[in-house]
Amino acid sequence: MNDKHLPDASAENPWLPLRQLTPARIALGRTGTSLPTRPQLDFQYAHAQARDAVHLPFDHASIGDGLRQRGRDSLLLHSAAADRHVYLQRPDLGRRLDEASVRRLREHAAGYDGQIDLAIVVADGLSALAVQRHTLPFLERLEEQALAEGWSLSPVVLVEQGRVAVADEIGELLRARMSVILIGERPGLSSPDSLGLYFTWAPRVGLTDAYRNCISNVRLEGLSYGMAAHRLLYLMREACRRQLSGVNLKDEAEVQSLEGDAPRTGNFLLARD
């Protein structure tokens, strides 16, 4: 049989134009009854990126250097999880500091007069890649706006093998009114470098997720640094006014559209032309 008589086994998906609107794996096409080679290889590559993001060591030195260049101090601590293997199997240990870190933080806090308004914590979480890519540019925007509010800031506390709740202990030891932790989120197949922000009013050991506000997917392909800082500042202002955070504090920040229209809130799906 000549090749010219063979039917074309490759078929494109009619949803192909929608791929420009989302990184989701849609409209991949097919070859016979299978995926084409390119989408299959892309999937395997994305899976490898996600696995690597979980096990990539936390390069805290580069973040500390970047902070020093901006005149900001940092403090390196470690959770009670001794290494990555323990961290992944014992989430509870990632939520608390080890004894040496507790002593160091107490000594540091003893030098403060009064109360810190905002404790800033950075932890590797499940994606050190996210923290290394996005921490410095995001903090530049956040700290500029926080200082404009007249709030006092702690040194940036860098935590190895840390989970979200470790910020509660840090905030309590620093006697901070508020805490925010920047942490690498669990990698997905389209987002190995997604940064999460968790904000807490009156942080203290023992709080549950119900007392925290989360802003997720901070990255170039997701929520921009400026928009994330805008939403976080709104939550912090409201927390100071209402003395609470978590499920009782909703993000109702006004958002300026890309076209420069008037600020709007609510569900964009319900907006009319």
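Any Cβ shown, glycine's included, is placed from N, Cα and C.
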Would you identify which residue of V164, V166, V205 Swiss-Prot lists as part of the adenosylcob(III)alamin site it also attributes to E185, C214?
V164
For a quick check of packing: other C-beta atoms within 10 Å of the C-beta of V164 (adenosylcob(III)alamin binding site), how many?
20
Setting V164, E185, C214 aside, what same-chain residues sit with their Cβ within 8 Å of the center of the Cβ atoms that define the adenosylcob(III)alamin site, listed in sequence order?
G125, I181, I183, G196, L197, Y198, S216
Just counting, how many other CB atoms are there within 10 A of the CB of C214 (adenosylcob(III)alamin binding site)?
14
Within 10 angstroms of the C-beta of E185 (adenosylcob(III)alamin binding site), what count of other C-beta atoms is obtained when all protein chains are considered?
23
